[in-house]
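Novice: Checked TrEMBL, it gives:
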| type | residues | note |
| --- | --- | --- |
| COMPBIAS | 17-27 | compositional bias 'Low complexity' |
| DOMAIN | 189-262 | domain 'Concentrative nucleoside transporter N-terminal' |
| DOMAIN | 270-367 | domain 'Nucleoside transporter/FeoB GTPase Gate' |
| DOMAIN | 373-594 | domain 'Concentrative nucleoside transporter C-terminal' |
| REGION | 1-34 | region 'Disordered' |
| TRANSMEM | 91-112 | transmembrane segment |
| TRANSMEM | 118-135 | transmembrane segment |
| TRANSMEM | 156-176 | transmembrane segment |
| TRANSMEM | 182-201 | transmembrane segment |
| TRANSMEM | 213-232 | transmembrane segment |
| TRANSMEM | 276-295 | transmembrane segment |
| TRANSMEM | 301-323 | transmembrane segment |
| TRANSMEM | 344-366 | transmembrane segment |
| TRANSMEM | 427-448 | transmembrane segment |
| TRANSMEM | 454-474 | transmembrane segment |
| TRANSMEM | 574-598 | transmembrane segment |
Amino acid sequence: MAGKPLCPTQAVPPPSQLSFSFSPSLRSQRESIPQVEENRRWRKQVEESPLLCPQWRLAQRTRGWSSWRSQWPFTKATSFCKTHTRLFKKILLGLLCLAYAAYFLAACILNFQRALALFVITCLVIFALVLPFLKKLLGKKLTRCLKPFENSRLRLWMKWVFAGVSLVVLILWLALDTAQRPEQLISFAGICMFILILFACSKHHSAVSWRAVFWGLGLQFVFGVLVIRTDLGYNAFKWLGEQVQIFLNYTVAGSSFVFGDMLVKDVFAFQTLPIIIFFGCVMSILYYLGLVQWVVQKVAWFLQITMGTTATETLAVAGNIFVGMTEAPLLIRPYLADMTLSEIHAVMTGGFATISGTVLGAFISFGVDASSLISASVMAAPCALALSKLAYPEVEESKFKSEEGVKLPCGKERNVLEAASNGATDAIGLAANVAANLVAFLAVLAFINAALSWLGELVDIQGLTFQVICSYILRPMVFMMGVEWTDCPMVAELVGIKFFTNEFVAYQQLSQYKNKRLSGVEEWIEGEKQWISVRAEIITTFSLCGFANLSSIGITLGGLTSIVPHRKSDLSKVVVRALFTGACVSLISACVAGILYVPRGAEADCVSFLNTSFTNRTYETYMCCRGLFQRGTQSQG
């Protein structure tokens, strides 16, 4: 019996009573005190004996052999499942992966073009899953390879070599690329002009971090080349914009059910504002799943190692690609109290220079080019950090130079349904805010135009409006962005409306110009230009992409003051400078678009148009016939 557990059926009699049981009647028996103490000691020894199997102890606790026998199969199954839980999860996960792999291969084999979206999503998921394993596998090797560059002299030489090579490449690019299109040099001169203006207005001229400035502008230019010039990048972002438009069209299903088909088709409020609610719901789900935080951290890490900015300001600016200027500071809420003025200025600049993902959906619904909006939002992040360090350099000692200890908060929701509901509920306030701003600003703009027109008529000046004043004052600046002189008045009006009123009003007016061009309306009617060129549309889209307007000052101050009320005076010191810097970020992005933009698509055979009868008027037909007419008049002298 030594070492072998006793079965429950083997009785173990007590030393004093062979018929001993754990019955309550034992207490009623007249026993002597020594005998009771002896029985208690015996029972304790039996229960703690290693020779008794655990099932026997379980049976004693449940008071009876029959109870243990009835629970034995269930207990055994439960114990087995708990013991092999990880194995069952791996088996189930493997079966699901095999099923998805079979489905994925079948979809790609049947029609790869139709399954392109599935292919892209699958590749992104695989990359996200494989990245941690690659870091574990190759992280130490890369660290050993980069160890020689820790030498200060070698790093200094590498910096100068890289700077020289970059300068030579830029000069060659401008010389070769602008040889056929000299108007692109105007956009390059515009970039230099805005940088000089910001440097002249800098808070601390001697403390400017030129590494951050040049790296930020360089990253913006490289990303612009990938998106605008290369076929792969252009087609990728064009495809992404189309997918976003298709995705946003699903809003019609919900809004039509609530408001009816007629209202959704004809009324702006029921057509555009539900998109904000839908997109807010989706962004909340992505934030709950951790996808937004993951992308923001990767973008912030890349910007930090290249530009040398601190962790908190980089996280906030990177977060502005997806969230608005009031939501992005919440990502770094615990650290705002200890941030320097330069870091707070960078956070504000990032908010003014970009648009949120929710508002992006509303702009796309206007008919604005989706790929240009997405490109402008991403390109603005490094440029915002660069110009922020130019306008307000760091002169204090930051506590957040390392990203260690700086973490993004997770969503507080318990499940996906709660996240979706909270996102939709929170977006209602944003949609109502947009509607209220549109009503208020359009009404104020109409009143200002009426007042200016009345004042102008008193001195025989006809048609004096706010837009006309902006078209004259801002025309030189718009021309330096690369816009043709004939399009400058209309673009200057839009830039003025965006800065002094609201970007929604400006984008709505831009969409009207685009619709006129696409519908074939004549370019000039009674001496007034009806639409702008495609190049001017792209440049204008980039220049309007941002929250840099006067009304945003109150929104930004209100949001940040609610988080750190004791720093209200510090926030008020830098908000105006941040607004001006954020506006310059959008204008420089427009200049980059002006440098890189080239017409795409094959030119139409204008000669074949002479023998063709057209029943509709399109922009392509109009441009072809106009070009044919101009060449004909030039050839005739």
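Glycine residues also receive a Cβ, built from the backbone N, Cα and C atoms like all the rest.
Are these features on the surface or tucked inside, and what are their neighbours?
Specialist: The domain 'Nucleoside transporter/FeoB GTPase Gate' (270-367): residue composition by secondary structure is 79 helix, 0 strand, 19 coil, according to DSSP.
Through the fold, the transmembrane segment (91-112) approaches residues 118-119, 122 of its own chain, all at least 6 residues removed from its boundaries and within a Cβ separation under 8 Å.
Sequence-remote contacts of a segment are chain residues at least 6 beyond its ends whose Cβ falls under 8 Å from one of its Cβ atoms, and for the transmembrane segment (182-201) they are 174, 208, 213, 217, 387, 390-391, 479-482, 484, 577, 580-581, 584, 587-588, 591-595.
With a cut-off of 8 Å between Cβ atoms, the residues of this chain six or more beyond the transmembrane segment (213-232) that come close are 163, 166, 191, 195, 303, 306-308, 371, 375, 378-380, 382-387, 389-390, 588-589, 592-593, 595-598.
Within its own chain, the transmembrane segment (427-448) has Cβ neighbours under 8 Å at 269, 273-274, 276-281, 324, 358-359, 362, 465-466, 497, 501-502, 504-505, 551, counting only residues six or more beyond its boundaries.
Long-range Cβ contacts of the transmembrane segment (574-598) within its own chain (Cβ-Cβ under 8 Å, at least 6 residues beyond either end) map to 181, 184, 186-188, 190-191, 194-195, 197-198, 201, 203, 217, 220-221, 224-225, 228-229, 341, 344-345, 348-353, 372, 376, 379-380, 383-384, 387-388, 391-392, 477, 480-483, 499, 535, 538-548, 550, 552-553, 556-557.
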Novice: Taking residues 6+ outside the transmembrane segment (276-295), which of them lie with a CB under 8 Å of any CB in it?
Specialist: 128, 248, 250-251, 254, 319, 322-323, 357-362, 408, 410-411, 413, 416, 419-420, 422-424, 426-428, 430-431, 434
Novice: Limited to the domain 'Concentrative nucleoside transporter N-terminal' (189-262), I'd like the whole-number average of pLDDT.
Specialist: 86
Novice: Run through the domain 'Concentrative nucleoside transporter N-terminal' (189-262) and tell me, per DSSP, how many residues are helix, strand and coil.
Specialist: 64 helix, 0 strand, 10 coil
Novice: By a Cβ-Cβ criterion of under 8 Å, what residues six or more beyond either terminus of the transmembrane segment (301-323) are in contact with it?
Specialist: 209, 211-212, 215-216, 219, 283, 292, 295, 329, 331-332, 335-336, 339, 342-343, 346-347, 349-351, 353-354, 356-357, 377-378, 380-382, 384-386, 388-389, 398, 400-403, 406, 408
